[in-house]
Every structure is written in structure tokens, then in C-alpha cells.
């Protein structure tokens, strides 16, 4: 069994999500061969050198799961793209590129965070290209922690304000880009997060039936996609552990 989650946006202000995630790690995730976290795991990440006690606690919980035998794979999101090797060593997880092609249930599957698919959001795409540029990343990682904290708050506040103002189709994925990327990587199944719109979308890629599975965000409830002999099945669950 493989589990995939995304968009937990972990932060100290949401202890309900943290409790549910720690419960998830100690129970359901222990039964999995692998756990994939496809971005926006944390609400904000200013660098491994700025880890808080809360973030160390999360890393420790992941390490316990990893030590129990479950492989953990982590992908950057738009909120936590500064997660680096130090955190991954502490947490016992492997950092994946975006996109990442993997075999699941005997078929090639493409994993993405999903923000790079929102090509109609021109302003965000320009910002993303700048932020993910290796030179920009080097500059960001070497800024004083206080400066990074201010910048993170500014970017987060602007993102929230702009998202409220933009039309829903602009902040969702662009269908043509989905087809292009799936064709480029020669897959019939794409799994991503980012949009907070859990669903399974049927489409056609190069004349063949295909599907796009959108992971749910953890807010009013949690979400996990389970891949096993019965297929790809996603379901919500209550945040308060029973």
C-alpha cells in the first residue's frame, strides 16, 4: 500500500491539523510501504537553518515512521520550497524533483505539486520562475533569518489577497498544460495537489484515456490517496482522531 497526501500547511496556529497528522503517522502510515507528501507540507519554510521547535517535532515524527520501515518522499510546494537536505536527513525522507515519474500498481504515474500547471496565472508563474531560479535560491538562503521571515509574511499575505481577487479558472490548472505535461512524460495518470479541489478528472492524452487525481488539502478534514490492489482511492477523514 502507498499513501499520498499534500497541502497540510502545518503551522503552530492549527494544532488540530498537527494532532491529526501525528495520529495518521502513528497509525495508518505505519501500514504503508511508502508515504508521498506532494508539497505545501508546511504553511511556511524560511530555510533549514531557521527550523523551530515545532518543525523539529514534525521531523522527529517522520523519522520515527521512516525508522519503522515506511519510505517517505517529500516534494516542494509553493509555500515550502526552501526545505533542504538538513531537514530531510533529520526526518528520514527523500526529496523529490517536480515533476517526478514513478511506477505505481504496474503503471507509470506522474507526481507534481501542481502550481506549475496553473499557467493562466501569469503573475504567479513569473514569480515562481524567479523564486525557483538557482541564483535566487542561493540569495534567499543567505539572507538573514529576520529578512526571510518578513519576506515570507509579505509573499503569503499577497498570495492570499490575490487568490481572493482572481477568477477560479486562473488559479486552477490549465487543461492544455496538463495534457502537454502528461504527454511529455508518457503517463496516463497524474497526481497533484495545490488547488485544494479534490477530484478525479477524466481526460484524453494522445488519443488514450487518462486521469488526473487532485489531492485534497487538510483544513476542515484530512485527505489521503491510497494506492493498492484495489486501485487509486482517495477519501476524507475527520481531523480529530477517534
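Glycine is treated like the rest: Cβ placed from N, Cα and C.
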40, 78, 113 bind Mn(2+) 2 per Swiss-Prot; candidate in 23, 194, 196 listed for that same site:
194
If you draw a 10 Å sphere around the Cβ of residue 7 (Mn(2+) 1 binding site), how many other Cβ atoms fall inside it, taking every protein chain shown into account?
25
Identify all same-chain residues not among 7, 9, 40, 196 whose C-beta atom falls within 8 angstroms of the centroid of the Mn(2+) 1 site's C-beta atoms; report them in sequence order.
6, 8, 39, 77, 79, 193, 194, 217, 218, 219
Remaining residues near the recorded Mn(2+) 2 site, that is with C-beta within 8 Å of the centroid of the site residues 40, 78, 113, 194:
6, 7, 38, 39, 76, 77, 79, 114, 115, 193
Alpha-carbon spacing, residue 113 (Mn(2+) 2 binding site) to residue 40 (Mn(2+) 1 binding site), which is rounded to whole Å:
8
Through the lens of DSSP with three states only, how would you label residue 113 (Mn(2+) 2 binding site)?
coil
